[in-house]
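J.: Starting off with a structure, shown below.
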Amino acid sequence: MPSTPAPSPSTGAPRPPLPKAELHLHIEGTLEPELAFALAERNGVKLPYATQDELRRAYSFADLQSFLNLYYALMAVLRTEDDFADLADAYLARAEAQGVRHAEIFFDPQAHTARGVPIGTVIRGLARALDGAQETYGISTRLIMCFLRDESADSALETFEAARPYLDRITAVGLDSAEVGHPPSKFKEVYALAREAGLKCVAHAGEEGPPAYVWEALDVLGVDRIDHGVRSMEDERLVARLAADQVPLTLCPLSNVRLRVIDDLAAHPLPAMLDAGLLVTVNSDDPAYFGGYADDNFTAVRDALGLGEETLRTLARNSFRAAFLDEATRAKYLAEVDAH
Ligand SMILES: [Zn+2]
């Protein structure tokens, strides 16, 4: 659902989107029907959909479980290094058109190793696309390796050990998939190993799970950022802590509506979170499934919540403030926002 850029007052030409960093993006969630069919054909995988239109209709899932069923079914088309490189390259091309200047990209190794795809195939394929991103799309990139929280703590530890030869390609570890019943503390050991190895740490928390999970992510896992964290607003003491420490929260507004975390975008707590002094950012989560990429999310919250230019600029600045960047690069991107 691409947005129509607003015409610029001086020339009438479409104004380019605000420069921004994408900090919450699952690469598996960028698989569009066109690429799914192309890869299925290349790999001789039979999809349970006759046409792209039929598949596109399946993207209008009813709930979290039907989303996850489709999400995992489609992953069957991802088999070779080329497949992962093509997936990441297709995302980067879309991201460039959305004003993304820096992308920190999640991947789920267990979703692939469980199907017999070696972790090295996944990482080498993604890294190949990311290596060319600066030159081809003008986008700097980082990779974040996520553990599936509905799998065991031992499986996360095995995954981390399997990834050791590739840790120079990985900036951070994360935690995703079905949240409720799988508190962050379950993964204390693997996060300690990741920090020992010099990696940054993030975790999904407070999306469907309670504020207690956000506390655990902060105090037990020692995370640098919280992914989602919308339910933090239910706990005043937690809001004060997040504001005082300026812990970034990577919000995904269109995802929240599609997964029924929020009933209506107009009721999203984003403005209240900004008012509370929280360092919030706007991201796209699984954009092929949730109705839009990074700038589509900016446009959607602008329209639904009536956000002004300066608030959108604050959100763009926040995305670079929250990114895992060296200070010179961060300053360069912040200047691009100011100049926009
Ligand atoms: Zn997510």
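In case you wondered, yes, glycine gets a Cβ from its N, Cα and C as well.
Feature table excerpt (TrEMBL):
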| type | residues | note |
| --- | --- | --- |
| DOMAIN | 19-339 | domain 'Adenosine deaminase' |
| BINDING | His24, His26, His204, Asp285 | Zn(2+) binding site |
| ACT_SITE | Glu207 | active site, proton donor |
| SITE | His228 | site 'Important for catalytic activity' |
| BINDING | Asp286 | substrate binding site |
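Any idea what these are sitting next to in the structure?
T.: Under a cutoff of 8 A between CB atoms, and with a sequence separation of 6+ in the same chain, the neighbours of His24 (Zn(2+) binding site) are Phe106, Asp227, His228, Thr250, Leu251, Cys252, Thr281, Asn283, Ser284, Asp285. Mapped onto three states, the DSSP output places His24 (Zn(2+) binding site) in strand.
There are 23 other CB atoms within 10 A of the CB of Glu207 (active site, proton donor), with all protein chains counted.
Neighbours of His228 (site 'Important for catalytic activity'), defined as other CB atoms within 10 A of its CB across all chains, total 26.
Spatially close to Asp286 (substrate binding site) yet at least six residues away along the chain are His26, Glu28, Gly29, Thr30, Phe67, Tyr71, Ser255, judged by Cβ distances under 8 angstroms.
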J.: Neighbour count first, Cβ atoms within 10 Å, every protein chain included; then name which of His26, His204 tops the list of binding-site residues.
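T.: Answer returned by the neighbour count: His204.
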J.: I want the residues beyond His24, His26, His204, Asp285 whose C-beta is within 8 angstroms of the mean position of the Zn(2+) site's C-beta atoms, in chain order.
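T.: Apart from His24, His26, His204, Asp285, the close residues are Leu25, Gly29, Phe106, Asp176, Asp227, His228, Thr250, Cys252, Ser255, Asn283, Asp286.
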J.: Ligand 1: which of the recorded positions Glu207, His228, Asp285, Asp286 have a Cβ closer than 6 angstroms to it?
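T.: Result: Asp285.
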J.: Tell me, how many other CB atoms lie within 10 A of the CB of Asp285 (Zn(2+) binding site), whichever protein chain they belong to?
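T.: By my count, 28.
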J.: Can you give the mean pLDDT for the domain 'Adenosine deaminase' (19-339), rounded to a whole number?
T.: 96
